[in-house]
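For reference, the structure is listed below as structure tokens.
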Ligand SMILES: Nc1ncnc2c1ncn2[C@@H]1O[C@H](COP(=O)(O)OP(=O)(O)O)[C@@H](O)[C@H]1O
Ligand SMILES: [Mg+2]
């Protein structure tokens, strides 16, 4: 009896469509990923415009983020978070020490600028390589444990690195003062500096600080070589992360997060997969560290402090861990708040609430004040809590919900105009 | 000599002797059932075979090679696949991805850094996984999230994932535990079909006598960590010691 029903069911089952669903690919990306990539390219290239929406001299001008220093930070910390997400978002291993790789990358980069050349290419390449080797050592040891013990081990490594950089390793790291290229450094690949000139980071002669401003009416847009170099590197890093997400390796990393037991009893060893993810994300951090010194040629140990490691965790979760674009959004939001919100002071608040009667004006200023200036961390904390509680998928989930609402609205309209048969 | 040889295996948990001097030989290409009351040590025995536990004494060899001291993924790559008592699948992955992972494990070994090519562009892997899903009669569920399936489907998927590796020995730990009658019968049919169509040895732990007698070629009865008897199903049915130790409470089936 049962035999028959079973066989019947088998034969009745529709032949699974083994028709190739390989839709046309551009640059090895599916249509959706390509759209995302294209959007990110447009946004980063047009950033000097998009981030400066308010005219110079207007009250809102302080919210403009289109100046080189901040734009560079957006893309560099975007890289840092993209890399962190490859480890945390895919495998679920939460590293609390990734700033160590950023710091090691920065130190390596500065040394290249001291010894070899002020050209940023060797600095960046060596930052990535050195951070990768360091991540291999730290990962090999830390990955003997999982969960909270793994997090604590990485934190311990990072704090050790910080302490070493701050004190014992002073000859290499410059200790409290940190490092920067000096006129007297050997720089064997560069010619002698002109008298009185200081060493400047460049890309085959194009100085990172170079750029031009463009005045359009009351708007002032700044185009900076350093930003565009960092932005191109970020786009490459983002592209690679999409490829990793869609690859068999990426699938294995998600399998590690989902069920390690099943993975090992399916003949796959979780350890080399997580270690590879750890090293790759360490190299992304090193890349970010190298770019930081390429843009601003100095480094200090505080770059490796645990708060810096915590920041990249916040960026990733805030934006949406395990999503492609989330970490970049998270990095952008945090860096924006750190640089813009923190600059608002009491005087500015008084200007804003000037229209209110005096008593109310003072009251409003007192109410808002704790959340701005030095208090921006408080605002960040509140936003973070709200996101984690109401949008566990981060800003990306928020975006999807809003998009979903619009879609449903449209569908409803459509069903109104064309009544169902 | 059988495909799997267990000799003199002991395993203690603190004061509890979970396995006491277990000797077991599983012949090639048979379905060998291991039965016994709850707590008899059946799961512990399986754990010793797949590298989850290391026996205190004794030896376990598969196709003439010792498995002791090897890690689970190595033992699996030798040709032993295991279905767990509660389904172990990749809940956050799609059904198709679940099925592709063992295909990759079979093709690429325990680790391969293939980080640039698109997983869906690996046509041979996709096709193999889709074919396997068809065979498991769940091709229409391939895009579902694995965790959202029914327990019966999860078990089916897990069995399919094990088969996709083309193992020589398939270990099943109470595959019908907690299943409704209809699901149980479906599972029996599926296992029968596997047994008939494939060159595979099956070791099955089972509580349900109906399942055991529908499938097994040989039966070992385990009680308090020690094999009581080993014989054909017909002889086991009539064995007085077995009736007393085990069947007495379950002969209703
Ligand atoms: N990891 C463990 N630690 C301690 N005791 C265990 C462990 N695993 C099993 N046991 C004990 O060993 C005995 C055999 O268990 P098990 O092999 O699961 O029995 P069965 O699968 O036959 O029902 C039981 O008494 C159980 O409590
Ligand atoms: Mg059991």
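Using N, Cα and C of the backbone, Cβ positions are placed for all residues, glycine too.
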A:183-203, A:204-224, A:225-245 - the one TrEMBL records as transmembrane segment:
A:225-245
Write down the single range among A:312-331, A:332-351, A:352-371 that appears in TrEMBL as transmembrane segment.
A:312-331
Tell me if the transmembrane segment (A:378-398) touches the transmembrane segment (A:225-245). I count contact as 3 or more CB pairs below 8 A, with pairs 6 or more residues apart.
no
Using a Cβ-Cβ cut-off of under 8 Å, list the residues of the same chain that are 6+ residues beyond the ends of the transmembrane segment (A:272-292) and lie near it.
72, 76-77, 79-80, 82-88, 90-91, 93, 95, 98-99, 101-109, 120, 123-132, 134-136, 138-140, 142-143, 230, 233, 237, 244, 249, 252-253, 256, 299, 303, 312
Would you mind listing the long-range same-chain contacts of the transmembrane segment (A:378-398), meaning Cβ under 8 Å and 6+ residues beyond its ends?
314, 317-321, 323, 325-326, 329-330, 333-334, 337, 341, 370-372
